[in-house]
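Take a look at the structure below.
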Amino acid sequence: MNWRTIIYVILLVSLTVVKALPRSYRDIEEKTSIGQRFSQLQEKNFKAIAMIMFAQHVQGGTFGKAVKMAEDVTDLAKKCAAAARGNPDCLKPLDRIFLDTICQEENLPRFTDCCAKKDPERNYCFLSLKNSSRGFISPFERPNAEAACKNHSQHQHSLTGYFIYEVSRRHPFLYAPTILSVATRYDEMMKNCCGRAEDPTHNLEECFRRQAPKVVKPVKEDGLRQEHTCGILKKFGERTIKALKLAQISQKFPKADFVTVNKLVMDIANMHKDCCRGEMLDCMHDREEILHYVCTNQNILSSKIKKCCEKPLLQRSECIVNAENDDKPADLSPHVREFIEDKGICERFAQEEDTHLARFLYEYSRRHPEFSAQMLLRIGKGYEDLLKECCKTGAPDDCFSRGEEELKKHIYETESVMKTSCDIYKEKGDYYFQNELLMSFTKKMPQLTSAELIKFTKQMTAIGSKCCQLSQDKLLPCAEENLDLVLGEICRRHLTDPINPGVCHCCSSSYALRRPCMGKLEIDENYVPLSLTPGLFTFHEDLCTTEDEKLQHKKQEMLINLIKYKPQITQEQLTSVTAAFTAMREQCCKEENREACFVKEGPELIKRSEKMLSA
């Protein structure tokens, strides 16, 4: 069977791939062999998944190399499924077979060190080489619209296959069904836009510009969330992931009992372990099993997911995650006082520490959908610390009541931080709110580049736009959970290229406390400010552009450099320098020879600014 035929079928895989896996799989003593997997998935589906896996592991490899390795593995699987069960290769775990195939390939020097290791270290080594940072692989080149349509009409199936390969290698942590779903959207976009190419009133470029964001949206969002979850699992361990999922599921399904919620927590934690290890087939199977369980147990879980469970499998997971929290049980008491007032509380904590803490987090979370999951984890940690303190011999009688006061104080402080941030956002708007963030984060993390600081603060500003318009009961979950994604990205950036000790402490000490920790960071006292070299501040006639976005970007780059040059700058000094810059810009933009004006006035502005900053 040729590859072009395989690629055509890849778009039909989305539902059948996971359905083909046996439901009793986790009960089988040994993991399913490659021959069994081949028989379950059939050649077309098996080969499609193999191609995605190789593209994600060997990101710098060519499309042809990914296809060749997929074909090699598929040939082995076919033999094992037929009769070669005595072949030792047929008995190897599937992930080992994939890595062996990569290690047998020539001209892949980047993987030499990994290939010299034994499993599971070899697998961890390969995973550590996966790079999802922008720029690691050159961005997609946007083709001419007419040429793209001509190419699509002549090579539809291989073009879609090549698109899948390109998405896979740029997003090495992305869940395979997401890639297949994106490929389907891509194919629909090409058909929609190119189908009317002969119509003289149809604007091809505009059609692609309008539909392309819908195609790439799940790539960006799902990819970021998966990488974020794996980062938490790697840095903070399974216990933290379980606590996070316990809080989120208890909020989502407040009518479900503790045993049911705990089962889901364990299943989801196992799924993330498989996904983050790069075990794609197990990851896909785990997710399908969880979705099946949730949708067949709606009566005990939630009344809000019926429509989600009627959707195609690829859309079901995202729909359930984004579904409203179910209504709380009518007879649910507003407080959980038994976790403080019961006389046997210390004894129970001593006997079953983690289970007792999990029950507290479950009971507290299902009562408080207005709190973020991260805040609930902080409350859970506070309760754990309270028990350790108050259950000691000789603890004061009012120990528990003092803990309650601390809890109220933390809730008030968290809500106040979010309210204040939203008040500033509503008052200043996107641009000036981002500038406030730029000032703060440049002082905290001056080691970041201007592009990084602008990117991260732009993401934070978008959170303000999205969350500050919501009602008070939805503000905190929206703001802190989205902010957590940005902070996770900053922490992953720190892992690849350390920023400073303050950021290191916040990124590694406690997941639940990461946001408050970052908030409390101040000026990095160890940072050596930039020297005032001739190239640090340059002024040219492009400052007279009428395009607001370009002008704002240039101003923000100057603001960052100004703070890196003078980290201790006061608000009054900044206001004075900004006013002087604005006056010079207005003056020069009125001149006939703008560039000459900037060449003359720019150095004068720098001299005046130096005096203002040294005052």
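Glycine is treated like the rest: Cβ placed from N, Cα and C.
Note that the structure is predicted; figures quoted are calculated from it, not measured.
Per TrEMBL, the features are as follows:
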type: SIGNAL; residues: 1-20; note: signal peptide
type: DOMAIN; residues: 23-216; note: domain 'Albumin'
type: DISULFID; residues: C80-C90; note: disulfide bond
type: DISULFID; residues: C103-C115; note: disulfide bond
type: DISULFID; residues: C149-C194; note: disulfide bond
type: DISULFID; residues: C193-C207; note: disulfide bond
type: DOMAIN; residues: 217-409; note: domain 'Albumin'
type: DISULFID; residues: C230-C276; note: disulfide bond
type: DISULFID; residues: C275-C283; note: disulfide bond
type: DISULFID; residues: C346-C391; note: disulfide bond
type: DISULFID; residues: C390-C399; note: disulfide bond
type: DOMAIN; residues: 410-607; note: domain 'Albumin'
type: DISULFID; residues: C422-C468; note: disulfide bond
type: DISULFID; residues: C467-C478; note: disulfide bond
type: DISULFID; residues: C491-C507; note: disulfide bond
type: DISULFID; residues: C506-C517; note: disulfide bond
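Looking at C491 (disulfide bond) and C391 (disulfide bond), their Cα atoms lie 36 Å from each other.
The shortest Cα-Cα distance between C283 (disulfide bond) and any of the disulfide-bonded residues C80, C115, C276 is the one to C276. Just so you know, of the disulfide-bonded residues C230, C275, C399, C422, C491, the Cβ with the fewest other Cβ atoms around it within 10 Å is the one at C399. Here the candidates are the disulfide-bonded residues C149, C193, C275, C346, and by Cα distance the one nearest C103 (disulfide bond) turns out to be C275.
Counting only residues at least six positions away in the same chain, the Cβ atoms of A148, C149, H152, S153, L204 sit under 8 Å from the Cβ of C194 (disulfide bond). Taken as a whole, the domain 'Albumin' (23-216) shows an average pLDDT of 82 in this prediction.
For the pair formed by C399 (disulfide bond) and C391 (disulfide bond), distance between Cα atoms is given as 9 Å, rounded to the nearest Å. It is 23 Å from the Cα atom of C276 (disulfide bond) to that of C506 (disulfide bond). Counting only residues at least six positions away in the same chain, the Cβ atoms of K235, I490, C491, H494, L495, R514 sit under 8 Å from the Cβ of C507 (disulfide bond). Rounded to a whole value, the Cα-Cα separation of C468 (disulfide bond) and C478 (disulfide bond) is 9 Å.
Between the disulfide-bonded residues C193, C276, C193 has the most other Cβ atoms inside 10 Å of its own Cβ, all protein chains included. The Cβ of C506 (disulfide bond) has C491, L513, R514, C517, M518, L521 as same-chain neighbours under 8 Å, each 6 or more residues away in sequence.
Cβ-based crowding with a 10 Å cutoff singles out C283 as the top-ranked of the disulfide-bonded residues C115, C283, C517. Ranking the disulfide-bonded residues C90, C193, C230, C275, C422 by Cα distance from C390 (disulfide bond) puts C230 first. Counting only same-chain residues six or more apart in sequence, the Cβ atoms lying under 8 angstroms from the Cβ of C478 (disulfide bond) belong to I463, K466, C467, L470.
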